[in-house]
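Quick look at what TrEMBL annotates:
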DOMAIN    1-460  domain 'UvrD-like helicase ATP-binding'
BINDING   ALA7, SER8, ALA9, GLY10, SER11, GLY12, LYS13, THR14  ATP binding site
DOMAIN    461-696  domain 'UvrD-like helicase C-terminal'
Amino acid sequence: MIRIMKASAGSGKTFNLARKYIELLLSMKDRHAYRHILAVTFTNKATDEMKRRIMHELFILADSPYDSGYLDYFVPAMFPDVEGLQKAADEILCNLLHDYSAFSVSTIDRFFQQTLKAFSREIGQFSSYQVELDKDSLISESVDRVLDALTEKDADKLRWLTDSAMEQIEQGGRYNLENELKSIAARIFSDGHREMAEKSGIDVQKSYSREHLAEVRKACTKAIRRFETMLLSAEERIGAILQASGVPPEHFNRGFISRVFITAENGKPVDMPSDSFFSKAADPQKWFPKSRSGLLDKVYPELEAPLNDFCGLFGKPYSVYRTAYIIRGQLYGLGLAGDVNREFLALMKERNVLSIDDSNTILKDIIAGSDAPFVYEKTGVRYDSFLLDEFQDTARIQWENFLPLLQESEGKGCESLVVGDVKQSIYRWRGSDWNLLADELQNTFDNVSVSVLDTNYRSRRNIVEFNNSFFRQAASQLDRIYSAKSGCEGQTHAVSDIYSDVRQECRSSEPGSVDITFSGKELSLQKILDSVNEVRERGAALSDIAVLVRDNASGAAVAGFLIENGIKVITDDSLKVKSSVIVRRLVSLLSYVDNPEDDISGYLSASLDVSIPEEYNSLENLCESLLRELMKNDESLFVSEVLYIQSFMDAVSDYSRLEGNSLRGFLARWSEMDPAISSPDTGDSVRVMTIHKSKGLDFQYVIVPFVEKITLFKSDCHWCRPDLAGTGLEEPCDGIYDVRLSPDSMHTLFSEDYRDELLRQYIDNINVLYVAFTRARKGMHIIAAMPSDSFIDGMPEDGWPDFSDFSQALYAYTRICRELDMERSVSDDGSERFSIGTVPSDWRHGNSAEDIFPLTVSYPSWPLNPEEGEPRLLLSRRQSDFFSESGDAGIDASGRLKGIVLHDILSRVSVPDDLDMAVRQSMLDGSLDIDQAESSRKLLSDRIASAKGRGWFSGLSVVRNEVDVIDTDGTVHRPDRVEIFPDGKVLVIDYKFGKEKPEYASQVSGYADIYRKMGYGDVRAAVWYVIDDYVEEIL
C-alpha cells in the first residue's frame, strides 16, 4: 500500500510524519522494526527535526501518554488501553536508544551515497573516495586543462576555436573563449542535459564529435541559404511589380510594404514581420489609406500572389530557417564538450572524488544491470517500509532509483508513505519534478490511497482566508493566460488542478493581519522600514520579523537600507564565511606569504602588525599560527566570529586532505568557494532571506517586498530537441540543443518546448508566491510596485486583465475581491494600502533558548598549537591499552600504546623526509604530546637511518604502506611495508615493537608467498624489531 499525503503549508506535516513512523513501529511485531523503516527528507535540518520529533513523542507516550497528541490515534484503534500503548512505546524507545545507529532517518543524497559506497570497486573508485559538492570548480579546472594542452599539433581543434571566435565577432558579439567553454561545459554536465539525452535516446559522444557537428553545420548553412534565396526571390518579384506600377512603398498604408525589403544583416537572421503586416497583406482593402485608395488598381491583382507567397515563407520555412540559425550558433562550443568531458573524468579519478550530481546516474546504471533489492541489501540493511518527505522536490532520476524499493515493498504487502505538496515545488532548477507527485506516482501503483491535510495550524484566520481566495483565483487566471499565449485556447487547467486543494480550514480563532501596499518602486525600501517599525511599535521584537525576497540582490538592498536606519539584520550574505573580518585578514596574510611581492597584500599585512612565520610544516599549521597572531590583536572579535573561523579551517582541512599543502592551490580554490555558516537561532535581528531559503520555516511576522520581481515568464536556456520531421534538417541535425526559449520560439521548431516551459514557469512562479505568503503566523505585509497607468486604465470593470507579474495580479485582485473585507487607504506619497485586520499586539517574549540555557562561545580547541602552551588530551580507544591479559589495569599499557603510535607514524612514511610530517600528524590528533613527539622523532630517525644501510627507505622503490593483499583462498592480509624496486625485486617488511616471537617470521613469510603468487620472482621478507633495531631476514 502506498499512501500519499498531500500536505499544504502549515498543515501539520511533521506531526503526521512522526505519527506514521510510530504507527509503523507499533504495528510491527519485530522489536527491531525501526531497522527496516527508512524515512527520507531533503535537508539535514529536516532530518534532525524528524528524529527529535519521533524520539520526543515516543518518550511522551512512554512516560505520560495522556499528554501526547497521538493518544487518540493509537487507543483504541491499535491498543485496547493506555497501559498497553505505554508499555510498547517504552520498549521501542529503549531499543532505539540502545541501537540508535540503526535509526534510519536520512537525506536522500546521504542514502544514495551510502548505497554507492558499497559499489566503489565496481565503479572504479577507491572505497575512500570523497563526494565533491563543488562541481563548478571541477568544470573550471577541466576547461583550463583543455586550453593549456593546446599545441600546434592540435590543428583541427585550433581551427575549430578560431572559426568559433570569427563567427562571434562577425555577428557583432563579444567573445571570451574561456568563459564560453566553461558556460557550455556547465550546461552539458547539468541534470537537464542528462535527462533530455536519456529521454531522446541520443548518443552524446557521437552527437558532439567534431566530425558529426561539421555535417550539422553544413546542413544548417544549406537550410539558411535556401530560405534567404527564396526570400530574396519574393522581394525581387514584389519590387518589380511596384517599379512597373510606379507606386512607391511609402504610399502604402503606413508604408507596411517596406517590410518586404528588410533582409538579413551582419550575420543576424531575418526577423518575423509583425501581426499588423500580415493583417494588411491578407486584405487588399487595407493596402492603402483611404486618401490613396485609387492606387489599388495599379497593383491589384498582380501584387496579391507574390505577397501571399512572401507571407507563406514565414510559416514552416521560416521555422526551419530560424531553427537552423539557433543550432548553428551552438556547434563550436559543443565541439569541445568531449574534450572537457574527458578531462573532467580524469580529474575526478586523480583526486579520488565523485561529483554528487553523477552519483544518481551511476547508481541508476548499477540498478539497471542488477536485481535492485540486492543492490540496496549490499549496504547491509533491508528496508520494508518507506516514508518519503517533500516528494514534490524529488528529481526524476532519484525517483527512478527509489522506485524498485517501493515496488518491492508493495509486493510484500508493506506500507509506505509519500508526503508532499505540488504547490510548494520551487526547486525545478535543481532537477525536481512535481509531475511525479501530481500524476505519475498514482499511475505507477495499483494500491494507492490519497489523503489531504486541509487544516492550517500555523497561520491566523485572515492570512489563511486571504491565501484561500487569492490563489484560487490567480490559478484560474494563469490557465486562461496560458491558453491564449500558447495557442491552446481552453485546453489546459493545469494550474487550477494543482491548486484545487488550496483551500484550508483555519485552526486559529485569532484574526491576524494582511496588508498589501502598492507604491512607486523608489519607495519600496522605505515601506519595508515603515512596516518593521510599525510591528515593533505593536510590541514585536526584531527577531519576530522576516523579510522574504526573490533574489540575493534584493536581499542585499533591503539589509543595507535597514542597517543604515539602525535596524539589526541577519542575511544570507552576512552568514557567508567570506564576510568575516578575521577570515578576510587571514586570507590577506596567506596571500602575502604566497607572494611577498604583492603590494596590496603586503600593505594589509603590515597594517595588521603580526609576525609572519618563515617556515611551516603544513597549511593547517600556517593558518593556526597566523590566527594566533591575529587573536593577540583583537580577541573579542574572535569570540563573535568563531563559527566563521571554524568553517574556514574546515575548508583548509578538506583541501589539505584531498589535494595537499599547496598554499597557492588553496588560495585559488578559496577564490572559487562561497561557504556559509548555519543561521544562528538567537539574537534580536530582522531575518532577511530569499523565499527559496524560507521554505519549511515560519515566522511571526513576514514582509514580502518587490512582488513585481515574481514575473510569469523569464527567457532562459533549456535543453531541447527540435521537431525536425519532414525538414531537410531531420537526418543530420537530430539531437539536443541548449536553446534560449522565448515567445519568438513559437516561430521555430522548438515551439513545443516553449509551450512546455511556459506552463512550467507559470507554475514555478505562483508556487514561489505561495511559499512566501504561507510563512507568516500572525501577520503579513506585501509590498508591490504600483502598476503602470496603462495597466490600470485597461482593467475591465469586473474581471481580471492579462498580467505579466504578480504585482499586477495582486492589484487586480484587490480591486475586484468581494470575498474579504479589505480596507483601502491612500497615503500622501500616492501609495495605496489594502488591509485585512490590524497588526497584532499580542507579542510574547522570554523563555527562549538563551534565557534557559545561556551559552558561552569560546575559541575552538584546534588553533592551540601542541608545540606551545598546554598539551592536548591524549585519547586511547583500545581496551588493550588499559588492561593486560591478567586483568590488571595499567600493566605494560604504556609500552603497548607507544608501539601502536610508532607503528602508525611509520605507516605514513615512504621516504625519510616524510617523518617530520608523520610525527606532527600524531601530535595533532592527540596521540603524542610535545615531549613524546620529539623522542619519537629522534628514535625513528635513528632507526630509519640505520635501515637505509640495508637499502630501505632509499626513494628508489615504489612503496606500499598498509595495502591489503588477497590470497588465493580469499583471505585478506595487510603487510606493514612493501617496497617494489625497478628491477622487479620485492621487499616485504613487518614492524614489531615488542619481544622476538617465532610466529612473526611465519607471518611475514606468508606475505612474501602471496607476492610470489602474483608473479614477482625475487621476493625477500624481514621482521624489523624497531625498538631494538634488530632485523630478522626471512629467506
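Cβ atoms are placed via backbone N, Cα and C, with glycine included.
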Are there any residues in the same chain, six or more apart in sequence, whose C-beta is under 8 angstroms from the C-beta of ALA7 (ATP binding site), and if so which?
LYS13, ASN16, VAL419, GLY420, ASP421, LEU453
Validating a neighbour-count step here. Other CB atoms within 10 A of the CB of SER11 (ATP binding site): how many?
22
Using the centroid of the Cβ atoms of ALA7, SER8, ALA9, GLY10, SER11, GLY12, LYS13, THR14 as reference, list every other same-chain residue with Cβ within 8 Å of it (recorded ATP site), in sequence order.
ASP421, LEU453, ASN456, TYR457, ARG458
To see if you understand the setup: which same-chain residues, six or more apart in sequence, place their Cβ under 8 Å from that of GLY10 (ATP binding site)?
ASN456, TYR457, ARG458, SER459, GLN504, ASP698, THR774
Across all the protein chains here, work out how many other Cβ atoms are within 10 Å of the Cβ of GLY12 (ATP binding site).
17
Could you please provide the mean pLDDT value for the domain 'UvrD-like helicase ATP-binding' (1-460)?
87
Reduced to three states, what secondary structure does DSSP give ALA7 (ATP binding site)?
strand
Quiz question: given the binding-site residues SER8, THR14, which has the greatest number of C-beta atoms lying within 10 angstroms of its own C-beta?
SER8
